[in-house]
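S.K.: Take a look at what TrEMBL says about it:
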type   : residues : note
DOMAIN : 59-245   : domain 'Pyruvate/ketoisovalerate oxidoreductase catalytic'
DOMAIN : 273-355  : domain 'DUF6537'
Amino acid sequence: NKDYSCANGFCPSFVSVVGGKLRKPEGAGGGVEGLFDPLPEPQLPELERPWNTVVTGVGGTGVLTITALVAMAAHIEGKGCATMNQTGLAQKFGAVVSHVRVSANQEDIKAVRIPAGEADLLLGCDLVVTSTYEALGKVAHGRTHAVVNDAEVPTSAFILDPDARFPTSAMKAKVSDEVGDSAAFFIDATRIATQLLGDSIAANLFLLGYAWQQGLVPVSAAALEEAIELNAVAVNFNKQAFLWGRRCADQPERVLALVDELAPPAAPRLELVDEIVADRTVRLADYQDAAYAERYRQLVERVRAADPRAEKPGSLSATVARVLHKLMAYKDEYEVARLYSNGEFLRKLEQQFEG
């Protein structure tokens, strides 16, 4: 909600945080190296011909950085390289498609643009862009491998239709059909990178590490890490993102288990009427008093006595228990003041902000 007119008045629904900044998740931190086996060195492409990589993603998330790092790593190793970035108007949040060609000698690269059907690797940092013709027109069944971040990132269509469905399965199937099921790798790099490193911006380098460990990037890890150092931006963070991608490709079960361990617990969804009544009774006692909560409980019990499906999820009794609580605990100025002053609101602010 970007209408800040209420903030100019006395509406308590708006709270301004002054002097703070959003707190990033802590991530995995140190001390986890012992959980993983030493990483094997994969067989990298031999470059008998130029190795062609198409990188797709969203402007402003580091797609061009991936292209630049691979190009610099090739330069460090004395290999030939050519890059082309198709950004259009996508400096921020629009589609980006980049071409990276690496060869043993610069003379082997006759053109910068990757011809149709000649991509060896499709590195998909965004599923929507990856499933477009501009990307899939470069792949070929039996030649191209696809490593794709399948995180669901809302598009502008959701502005016009909040109920629009994200066609994840259809887009993944489209990619798999073009390269073959055995050559398509889908992973939620955004979720994994955020949990492990505390920032979703690590997803693209994580994806690069994942592809490298599978032998799909024609430069050494040492050269890529040196390129990260030369870039001189968040060096340790980016090295860790690349390393976590390698680990996930080699030991996915261990990495995903750690991600699940780091994920904040989801709030339980109360389905049964007993669970809902127990929860809402406590809330109503805090809202007013025990007598008010008892009045709520008795009203629900009257409906429950006449409901043959009362003990099943989604029953009429469960619906009444939810809706009746909303009617009885309306948020007037006294309730808003109580919610702000009972300590829970400040605790959530401290979790979200620092400074």
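Using the three backbone atoms N, Cα and C, a Cβ is placed for every residue, glycine included.
Automated prediction, rather than curation, is the source of TrEMBL annotations.
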S.K.: Roughly where does the domain 'Pyruvate/ketoisovalerate oxidoreductase catalytic' (59-245) sit in mean pLDDT, to the nearest integer?
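M.R.: The average pLDDT of the model in the domain 'Pyruvate/ketoisovalerate oxidoreductase catalytic' (59-245) works out to 93.
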S.K.: How do the residues of the domain 'DUF6537' (273-355) split into helix, strand and coil according to DSSP?
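M.R.: Residue counts for the domain 'DUF6537' (273-355) by secondary structure: 62 helix, 2 strand, 19 coil.
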